[in-house]
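Colleague: My questions will all concern the structure given below.
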């Protein structure tokens with residue numbers, strides 16, 4: 001990778017922590033990002049919006065931000081809007097792409113409209129008759145199902161439901177986290193994959209093989225028995241085709257520069273996109289560093305390359 005003069009970045013804030021359900025993940029990501037940037041000679045400093053007002057960024061002379069916040073206001077367009085207001089360049093998507101990318105329900109509506117394959121689903125609202133909706137959904141989608149709060153990341157409160165009797169309780173649990181819940185048909189037979197996006201870097205698709213039922217919060221950030229397969233087992237042509245489709249799934253939401261698109265394959269190899277992530281985890285368990293490392297890009301090189309995307313017009 002080409003060398004970049006660290007001085008051109010100016011004073012950089014690494015946004016970490018925040019007050020979402022993913023605070024601990026964000027703190028872990030942010031600390032590693034901070035170290036990577038500092039090791040590259042960049043004038044980087046930690047900044048936790050849960051502890052300090054955002055106005056301090058401008059007051060203290062920050063000109064750029066690496067967004068390592070996950071979920072909540074760090075990923076739903078609010079932080080992005082504030083940074084735009086203060087004239088501070090930042091990593092990742094802007095207001096629209098961030099807001100839409102975090103909202104699984106509206107993401108799937110856009111994908112349906114534009115022909116991006118996504119699993120069949122139903123939406124349940126807080127306050128609905130959960131017993132009645134559960135019966136309707138099982139009749140329409142069958143089993144098994146995934147129940148997901150529309151706007152939580154890191155698989156927070158995602159529940160796999162295998163029996164009709166278990167669905168009402170899963171809905172009651174999920175609406176504690178969001179007023180809209182997505183109930184999605186489980187795609188079986190071909191495995192789970194992710195395509196990492198970082199500007200023009202050509203990163204490999206990763207196949208994810210969790211030891212448990214699915215790739216949940218524990219598998220993502222705690223367990224050491226999740227398998228990450230690179231190469232992912234697809235042919236070169238299949239992988240190239242899925243990278244193009246993943247980029248399109250990302251782009252049509254207004255997402256830019258940096259993120260991830262997650263998808264399943266069915267038994268016939270057909271892809272179904274689940275969600276995008278516009279502020280991916282950057283812990284030692286996270287997927288973008290693994291994809292980068294597989295093609296000879298170090299953690300430090302990756303975070304500098306992502307930050308460098310803020311230099312373009």
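Cβ atoms here come from the backbone N, Cα and C positions, even for glycine.
Among the features that Swiss-Prot reports, domain 'ATP-grasp' is placed at 108-308. Sequence annotations record features per position, and here Swiss-Prot assigns ATP binding site to 138-193 based on sequence analysis. Marked as Mg(2+) 1 binding site by Swiss-Prot: 262, 275. The Mg(2+) 2 binding site annotation in Swiss-Prot covers 275, 277 and is backed by sequence analysis.
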Colleague: Counting distance between Cα atoms, which of the binding-site residues 262, 275, 277 is nearest residue 173 (ATP binding site)?
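Modeller: Nearest candidate: 275.
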Colleague: CA-CA, which of the binding-site residues 262, 275, 277 lies nearest residue 180 (ATP binding site)?
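Modeller: Nearest in space to residue 180 (ATP binding site), counting only the binding-site residues, is 275.
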Colleague: Please compute the mean pLDDT of the model over the domain 'ATP-grasp' (108-308).
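Modeller: Summarising the domain 'ATP-grasp' (108-308) by its mean pLDDT gives 93.
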Colleague: Rank the binding-site residues 138, 145, 166, 180 by the number of other Cβ atoms within 10 Å of each Cβ and report the first-ranked residue.
Modeller: 145
Colleague: Can you tell which of the binding-site residues (159, 173, 187, 262, 275) has the fewest other C-beta atoms within 10 angstroms of its C-beta?
Modeller: 173
Colleague: Enter the number of other CB atoms within 10 angstroms of the CB of residue 277 (Mg(2+) 2 binding site).
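Modeller: That number is 25.
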Colleague: What three-state secondary structure does DSSP assign to residue 187 (ATP binding site)?
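Modeller: It is coil.
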Colleague: With residue 275 (Mg(2+) 1 binding site) as the reference Cα, tell me which of the binding-site residues 138, 145, 159, 187 is the closest one.
Modeller: 187
Colleague: Any idea what the Cα distance is from residue 277 (Mg(2+) 2 binding site) over to residue 145 (ATP binding site), rounded to a whole Å?
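Modeller: Between the Cα atoms of residue 277 (Mg(2+) 2 binding site) and residue 145 (ATP binding site), the distance comes to 21 Å.
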Colleague: Fill in the CA-CA distance, residue 159 (ATP binding site) to residue 262 (Mg(2+) 1 binding site), as an integer in Å.
Modeller: 17
Colleague: What does DSSP call residue 138 (ATP binding site) in the simple three-state scheme?
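Modeller: The residue in question, residue 138 (ATP binding site), is helix (DSSP, three-state).
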